[in-house]
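Engineer: This is the structure, below, for whatever I ask next.
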Amino acid sequence: MSQTMLASSGRTLLHRKVFDMVRHKSYQSKEFNKVLVANRGEIAIRVFRALTELNKTSVAIYSEQDKFSMHRQKADEAYLVGKGLPPVAAYLNIDQIIELALKHDIEAIHPGYGFLSERSDFAKACDDAGIVFIGPSHDVMRRMGDKVAAREAAIAAGVQVVPGSDGPVTSVEEVQQFVKDHGCPIIVKAAFGGGGRGMRRVDDPADVENAFNRATSEALAAFGDGSLFVEKFIERPRHIEVQIIGDHYGQMVHLYERDCSVQRRHQKVVELAPAPALDEEVRQRILADALKLCGSVGYQNVGTVEFLLDSNGKHYFMEVNARLQVEHTVTEEITGVDLVQAQIRVAEGKSLEELKLTQDNIHIHGTAIQCRVTTEDPALGFQPDSGRIEVFRSGEGMGIRLDSASAYAGSIISPHYDSLLVKVIAHARNHPNTVAKMVRALKEFRIRGVKTNIPFHLNVLQQPKFIDGSVDTYFIDEHPDLFQFKGSQNRASKLIRYLGELDVNGPQTPLATDLLPKNVEPPIPSIPAKKPPPAGWKDVLTRDGPSAFAKAIRNNKGCLITDTTFRDAHQSLLATRVRTHDLAAIAPYVSHNFSGLASLENWGGATFDVAMRFLHECPWERLETLRALVPNIPFQMLLRGANAVGYKNYPDNVVHKFADLAVKSGMDIFRVFDSLNYVPNMVVGMDAVGNAGGVIEAAISYTGDVSDPKRTKYDLNYYVNLADELVKAGTHILGIKDMAGLLKPEAAKLLITAIRDRHPDVPIHIHTHDTSGAGVASMLECARAGADIVDAAVDSMSGMTSQPSMGAIVASLERTPFDTGLKLDAISKYGSYWETCRQLYQPFECTTTMRSGNADVYQHEIPGGQYTNLQFQAFSLGLGEKFNDVKKMYAEANEVLGDIIKVTPSSKIVGDLAQFMVQNNLTKETVVERAEELSFPTSVVEFLQGQIGQPPYGFPEPLRTKVLRGKPKIENRPGEDLPSLDFAKLQADLEDKHGRKLREVDVMSSAMFPKEFDEFETFRQLNGPVDKLNTRIFLTGLDVAETTDVEIEKGKTIAITLLAHGKLNKNGEREVFFELNGQVRSIFVRDVEASKDLVVRPKAIPGNRGSVGAPMPGEILEIKVKEGDKVDKKTTLFVLSAMKMEMNIEAPITGTVKRIYLAAGTKVSPGDLIVEIDP
């Protein structure tokens, strides 16, 4: 605006000032002693603070639902209103509020914002009762608060307006006619109120009816009046609003403008003052029009004039908010004016001049930003959340202001009111500095128990366009990246939840015995600080590659050791339950003191699925963790040929992808075997490993006894010929996998000598179990006969169904040509660690039922791990004294199946048949005789069909024919016809199901173990990093008053103390009390056993995206689907009314509606299951 225009405007205002001083000369000035705030929450407290600073008595009102709200406690006096009324209606009851004010000698009422703040009938009721309404007069409120009347006033004052309806619209037909006249887009909005409620944009004429109905319903619920106004929607505007204040003597000033363009669903999210990147002439025109309009109607007190500014710099009047705004704070920060105090002083009759609020005294100092932190989940379409705040830690410091009411730990966020939790206001010298200060403050916040929109705010604040200050109301819609959130880890809260479950419901991992973990701390031997471990065989492999590595192993002069302590030893002795936590603790010591190991067996086999099923940890993360801690020793794993680490055939591309990912994650040597020694199955695994760059160790599964000339099956020629095939297929190392410990010393000498003579240049690696007690002797014979590597476990984890003693082998070969190079002193310290550590796993200890090895393994041939499991089962079923009969039946079942090689999964097939024979009182003769009439275990039928491959000596007849009864037979490799797995589709489906970005290794886990992976992923999302807990606490929890330190990541340790748990409540829950880092926390945990007879609604399953529940308390207004419907992602399932808003709850995945649990009209609590979708 030019200087001439400004001068002219100033003269006009001066003339009006003189006129208005005469017009308002009768206004009586009076100081208030007692002021009531007809509002709640944050704004009520804001006004109370201003009253306290002015030395006035503050009075609160509160609804029944707000009995424990903070605003009630902050006031000098507080009184209940609206008893028996709904939560919102209580604050809209004008008669009761006036009656209460008269009863308690209230002189003035401040309405805050929302509720009755823009109701002219409330202002008039105050006037009629002789109570001062702190705001404009009721006549001005009626005219300005009504958007239609305000529009007419703007036109009369010569202020440009947006084309719109001449008055409130009361029917769909009126809106449809407006669309015909002016076209789309249009906007319908509440005539009385704001805040985005009762507001709908319409881009398509077909959507008019739905938008009208929804907007009317929301406006009526929020403001008590469903009247709507319709106007043309301006494309790409900025939302600029001017803060004004006028006194009773015709004086009026502006306090500059705010930019409120960052909006979602027409509700302001971030507000700035002053408006960045605003042309100064445009600014002056807007400010002048705001003063002109308000002056023309004789406006008194605080108000806001809102404009839309188009891309050409042309502004349009939108509305007047005849009240204090939520975002008044940013104006206060840049001008230094306390607007609430100014409101009160003006209402008392003070002039702006008396308050030193003349235009020439009002200046801009820096910039300010306000972020409204709400209890809404931006990842779920900003669905409001409610519940108890478990943790609250705010961001503070220089330039940060917090306005809140319920932001503290233990506060209950009500579903009945607005979701605003705290307003965060940052103030600095310029816009970029203010942005940086706000980002820092928001990052300091820690809020647990309810979801907040802080992640969204951070995305907005860090978006380059926002930092530049050039945003319009399309900003959020045009930046989908704002909705890409890095989820809060919330690790401490999740761990507390897990510990609460342990305290109330007991172990979350089934314990195999009645023994509990000992409260011990395994001694970790020291290692040199900052000194890298010595070079080892891993360095040779990395430098020279697999073939050269194998050659170097063969040329080594001593006997090398593979340490099985990290896998097969605990699989055999402790039910595969040893956790990464305890492996990682000793790993650096192993790296520094056992660099001469040929390999460290630490992965694959049963450890893969058990990690997810029972230890609740990721097997890939175990591998990656150990690789980082042990960089110098080759890692070795067990690969079941075409079965990878699973128990069935997979498409070939799955096996190849698995090997590739394993090598990338740190695996080196793959012991590839097949449970039937079926070479085509093994070749799949061998090729996969070779293509991935790993070391191929093709392993022959050993059974029988090559030293017994009476045994014609599995003789020396069988093994030598099989070795020929595997060498020809390209193995780097030949393995002998003696899974049952059947390789006697004499047999070992014969077998290794024969293979060594046939293949002098190929390294030979022997694996055995010490079930008979002869394992050490057999390994010594192998070494002398030419084996390059033998397997052993550290002494305290050796023997029985585990591997032979490392210390015994090392000591026996010392000072011989086969010296291992390992030191007994290092082995002793290593063993001491595991001797103590083993006590943590007493619930799975095999020695509970097994006191020693047993040479009868040579008769029944049960593999080591399976032997332990079968014995556990027998004793747990009270059949301990009949375990010998079980072993005998196992041997008979093996004969029935044709004397097959027994290793997972073939060993399970034999075990299934043995149990079947015991249950049906069958012998090896009668089971064949009655085969045509018996219903055999599925595993037996599938074996006889050929689904795991072809046994070396064929299938047993006539058993096979009798059992199959015409079922199809597979004569070739079982998996060769399986179609390739579409990993990209699987990943997309899994990410959709679990709601997070997954790694390739996660997808691979699901490819092999879909059910186990889904359960593990759900568990981890619910309970957090339980792998960081020490083992005793992980298994059985904390004792009362016990504290545990949990290092959740490097340099971040939390301290958790269990304090107590409460009595059972009506919901079948117990409140469990903890201290987290010295602060009291409590959670409610359902007591499963005590509440099993309670009838409770089913809850949505966390992590299962097809399980759709209520995001917060509310009422189901409408069910949009029916059972059996096919729904796409984002299809509306039901409409929920909550927090004065109507929300469309959409399908998170594509699928079929399996079941609808609740009907329209039902009141729901958070998490109540409403719709179940099958993907």
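Yeah, the Cβs are placed from backbone N, Cα and C, and that goes for glycine too.
Grabbed the feature section from TrEMBL, which reads as follows:
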- 31-481: domain 'Biotin carboxylation' (DOMAIN)
- Lys147, Glu231, His266: ATP binding site (BINDING)
- 153-348: domain 'ATP-grasp' (DOMAIN)
- Arg323: active site (ACT_SITE)
- 559-828: domain 'Pyruvate carboxyltransferase' (DOMAIN)
- Asp568, Lys737, His767, His769: Mn(2+) binding site (BINDING)
- Arg640, Thr904: substrate binding site (BINDING)
- Lys737: N6-carboxylysine (MOD_RES)
- 1105-1174: domain 'Lipoyl-binding' (DOMAIN)
Engineer: List, in sequence order, the same-chain residues at least six positions removed whose CB sits under 8 Å from that of Asp568 (Mn(2+) binding site)?
Structural biologist: Glu601, Gly605, Leu638, His767, Asp791, Ala793, Ser802, Gln803, Gly864, Gly865
Engineer: Which has the fewest other CB atoms in a 10 Å radius around its CB: His266, Arg323, Arg640, His767, the listed recorded positions?
Structural biologist: His266
Engineer: Using a 10 Å cut-off, grab the number of neighbouring Cβ atoms around the Cβ of His769 (Mn(2+) binding site), all chains included.
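Structural biologist: Total other Cβ atoms inside 10 Å, all chains included: 31.
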Engineer: Please spell out the DSSP helix, strand and coil residue counts for the domain 'Lipoyl-binding' (1105-1174).
Structural biologist: 0 helix, 39 strand, 31 coil
Engineer: Give me the Cα-Cα distance between Lys737 (Mn(2+) binding site) and Arg640 (substrate binding site), rounded to a whole Å.
Structural biologist: 12
Engineer: In sequence order, what residues of the same chain, 6+ apart, have a Cβ less than 8 Å from the Cβ of Lys147 (ATP binding site)?
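Structural biologist: Once residues fewer than 6 apart are set aside, Lys147 (ATP binding site) is near Lys189, Ala191, Phe229, Glu319.
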Engineer: Out of the recorded positions Arg323, His769, Thr904, give me the one sitting nearest to His266 (ATP binding site) by CA distance.
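Structural biologist: For His266 (ATP binding site), the spatially nearest of the recorded positions is Arg323.
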Engineer: Do me a favour and check the Cα-Cα span between Arg640 (substrate binding site) and His769 (Mn(2+) binding site); whole Å is fine.
Structural biologist: 18
Engineer: Identify all same-chain residues not among Asp568, Lys737, His767, His769 whose C-beta atom falls within 8 angstroms of the centroid of the Mn(2+) site's C-beta atoms; report them in sequence order.
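Structural biologist: Nearby residues not in the site list: Thr564, Asp738, Met739, Thr768, Asp791, Gln803, Gly864.
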Engineer: What Cα-Cα separation, expressed in whole Å, is found between the residue listed as 'active site' and Glu231 (ATP binding site)?
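Structural biologist: Cα-Cα, rounded: 23 Å.
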Engineer: Mean pLDDT over the domain 'Pyruvate carboxyltransferase' (559-828): what is the value?
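Structural biologist: Value for the domain 'Pyruvate carboxyltransferase' (559-828), mean pLDDT as a whole number: 96.
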Engineer: List, in sequence order, the residues of the same chain other than Lys147, Glu231, His266 whose Cβ lies within 8 Å of the centroid of the Cβ atoms of the recorded ATP site.
Structural biologist: Gly164, Ile187, Val188, Lys189, Met199, Phe229, Val230, Met318, Glu319
Engineer: Can you grab the distance from Glu231 (ATP binding site) over to His769 (Mn(2+) binding site)? Cα atoms, rounded to a whole Å.
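Structural biologist: That separation, Cα to Cα, works out to 83 Å.
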Engineer: To which of the binding-site residues Glu231, Lys737, Thr904 does the lowest count of other Cβ atoms within 10 Å belong?
Structural biologist: Thr904
